[in-house]
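Report on the structure given below.
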Amino acid sequence: MLAARHFLRRTFSSALATHRDTAYNNRDTPFDFTEENYQKITTILTHYPPQYKRSATINLLYLAQKQCDGWVPLAAMNKIAKILEISEMDVYEVCSFYTMFNREPVGKYHLQVCGTTPCMIRGAQDIIKTIEHECGIIKDQTSKDGLFTLTEVECLGCCANAPMLQVNGEKVYEDLTPETMKAMIDAWKAGKEPKVGPQNGRTCAEGIQGRTTLKAQPNVWPDRDFAKAKDDYQKRLEAEAQKKKEEAAAAAAKK
Amino acid sequence: MLKLCQKISRHFKTSSRLLNNIEVFVDGTPVSVAPDYSILQACQKAGVVVPHFCFHERLAVSGNCRMCIVEIEKMPKVMTACSMPVSPGMRINTKSEKTYNARGGVMEFLLANHPLDCPICDQGGECDLQDQSALYGYKIGRFMEYKRAVEDKNYGPLVATVMTRCIHCTRCIRFYEEVAGIPILGTTGRGRETEVGTYVEKMVHSELSGNLVDLCPVGALTNAPYAFTARPWELRNVMSIDPTDSITPSIEISCKGGEVKRVLPRLHEEVNEEWIHDRSRHAFDGLKRQRLNACLKKKADGSYEELTWKDALEVLAEEVSKTSGNDMVGIIGEFMDVEAVVAFRDLMYKLGCENIDAKKNGVKLSPDFRNNYLMNSRISGIEEADLLLVIGANLRLDSPVINARVRKATVLNGLNVGLIGTDDYLTYDHTHLGTSTSALTDLLKGTHPFAKTLEKAKFPMILVGANVLKREDGEAVNSVIQEIAKKYNVIKPESNWNGYNVLHNEVGTVAALEVGITSEYDPKAKPKFMYLLGADNFKPDEIPDDAFVVYQGTHGDEGASRANLILPGASYVEKSGSYVNTDGRVSLGKKAIPAPGQAKADWEILRALSEVLGQTLPYDNLQEIRYRIAELAPHLIKYDYVEPYSLSWHTVPVKGEVNKTVISDFIDNFYMTDAISRASPTMAKCSEAFNPARNTNFVPEVPIR
Ligand code: SF4
Ligand code: FES
């Protein structure tokens, strides 16, 4: 079925701004939130005043996208409009504005490669080429086996570990090289899950030679016993009060 | 149902604490403005033009075109004038270098993606973008990249779209959402890919859709039937009014040569604000089709013989002389001007005939008291009222312009709307009280749940659709309504409020009532001679087979097909005349183009006929007939004025029984309600597109755009 879908070419990292009815995505496609998601919706709606229910649009769209394996069908948008008592157009506007919402089905692994400057300098284009080659797709397409969709996105905030890749909007793979990328794709194809995080063995955003600075316990603040300090303070207050009392008593005696 | 009131928050409002006017300086000149003014309005008040695209007085402020930016002293950056409220002592600089550069920059961005197709664009010559880029833009563009292209949308047969030209001012979106009450348009996508449209493939449809064309500041939405027929500088514009809508909205008739090219609304705060509905705007092309342009006599074999005016009037005179006054019946048509009605009345009375009917099965409303048959709270009263009870009218179809005002009142003033009659989507929240007359009787008894609300209302308004009065038991129903009005204090002389309103749908009826024509015609009588003065919407079985029927009018429609003698009349764009609307407002229609063929203004025909009959009417020109009108009813020559009428209450005694049938709305096809719109190809396309269920057998020659 996947092969039969026609995929709309995206430019500037956003899909076509209008909807085209297809066999798998039209007004009458059945859609309803699961019972579990309905409970989540109830919780979400408590976060907003009842007259501003529309504020929950993005949350609900996100829920719908999770429930539908990474994309939001038209029927889901209409459902959300009903739940939030807003016009359908309002939901379409939000959903088509944010590129994080896919309005067309994506593969099992939605590969979002960052193409912004730091990643680009560190070879993001090679990563994209590797994926294109390995999966037999070009940007914004889904592979024939329905496993991979490739998109180029803007900065995802892992510049220190460039180049990087985000999968399904959740898992982040960093420090990629064409080789590691290929290995990862092979793993996915074989049904395995490659390790999340940097692919060249480093931890988090540390330098490749390991941790070089800030090794010792910082010694900036002297150790301080807060309980004792509090105690001292209490005692001082009491002493002062006592002193005041005595002075007053002395003054009264003088008179 | 959408919570439409939520939209209030998007309207432009400033603090209500400041009540006095405040002073601001526009280019050094002090102006005193209301505290809720925006800078743009303050500039306008000071007579300084601030270029803008997205700002529109009747729509919420959106501030997204950025064209209106001005410099304000002590502010680090330029500000959008439309969305920034004034504050005391503000110094606004609209002529500074900074303002100039900012405007140029905005214009450069707007033009970055705007196609350079002015020579083939219908908006050319009246395009805000064109004008403003000439005035405020840079001479040279620096944008070397490809321009984007956007696919066109389906806005129906009235609005042509070239969405590539859209500058995303969102006026059309706001119009549909706020005025038309159909939140169907929006901006989808982002950045360069932003599009204005419906997102899903569906046709945009509203009875007010033609107004989009006026709102769109560029050529993205243009008038489809008018496409490529004229340039604005070739048009001759005549300021007139439209009698085909019973509120007589002010219109501008644009003509080129002897032809009407388009109709635009004109501003009239108390009547149509700035809107007209699609029939007002587009039905005029029916004036070129099916027109009667020669005097015709039906021969015995059913064919027609063309006569000269002289012969025709002689034939007519002969018939008249054969008949006595009592056997004659005159019927006044829906779009008749006061002049024609008065001439007709005078002539018929001279001939001894008192059977003149203007309502076609309507109730015999007494013309003695104007408040019995007019819209007493006026159209603008809708905004003062706090409760509106509509009886037997589907406002969205009967009078879309009034409906837009009701919608505005529900959103801004929280007007409470109740409806008795067939329920429909009216574009605002309303309570449906019931479909049949029993809701009325319940209300009178006080047993209806809505009775409490009605009791509490400070300024209640009851709007009775003319269709109610056309029912068989119309008189009884009307008196029940009047009883209700009495019981719930709908008329409050102490606060100068009369909430009993009749919404007519034909100006001819109002004109007849205004000159005191009581409908004494008994439909069961068998007249021998019938004079149809432009009357088309009647039941054929009302006319006896052996009667001699004269039809004087514009179109070969129902009336003409039954007529034995046809006299061609001029339509509302071809004659000057005064009309009275459902408010009681008298307004002047102007002649825009010459009448086709032998057609003449109606009162002129009647005057000529009177001479042939030897009963010469004593007026020879428009001036003189208006003196005659003034004799009958002096207020009818006070134009654009509603003569105040008494607030005292004159109820009609109940006649007959109310039968508990459904109050149905009689408009079954908004696009074809009268002879003109039935002859109009544009209206035919509309009913094909929007009203397929109630379609005609019309087959368009060219596919619908
Ligand atoms: S179509 Fe016209 S009115 Fe609508 S957003 Fe575009 S420019 Fe504005
Ligand atoms: S008119 Fe002010 S931003 Fe458009």
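Each Cβ is built from the backbone N, Cα and C atoms, and glycine gets one as well.
According to TrEMBL, the [2Fe-2S] cluster binding site annotation covers A:Cys114, A:Cys119, A:Cys155, A:Cys159.
Location within the structure of each feature annotated in TrEMBL.
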residue	record	DSSP (3 states)
A:Cys114	[2Fe-2S] cluster binding site	strand
A:Cys119	[2Fe-2S] cluster binding site	helix
A:Cys155	[2Fe-2S] cluster binding site	coil
Which of A:Cys114, A:Cys119, A:Cys159, the listed binding-site residues, has fewest other Cβ atoms within 10 Å:
A:Cys159
Surrounding CB atoms that lie within 10 Å of the CB of A:Cys155 ([2Fe-2S] cluster binding site), all protein chains:
14
What is the set of residues, excluding A:Cys114, A:Cys119, A:Cys155, A:Cys159, whose C-beta falls within 8 angstroms of the centroid of the C-beta atoms at the [2Fe-2S] cluster site?
A:Gly115, A:Thr116, A:Thr117, A:Pro118, A:Met120, A:Ala124, A:Glu154, A:Leu156, A:Gly157, A:Cys158, A:Ala162, A:Pro163, A:Met164
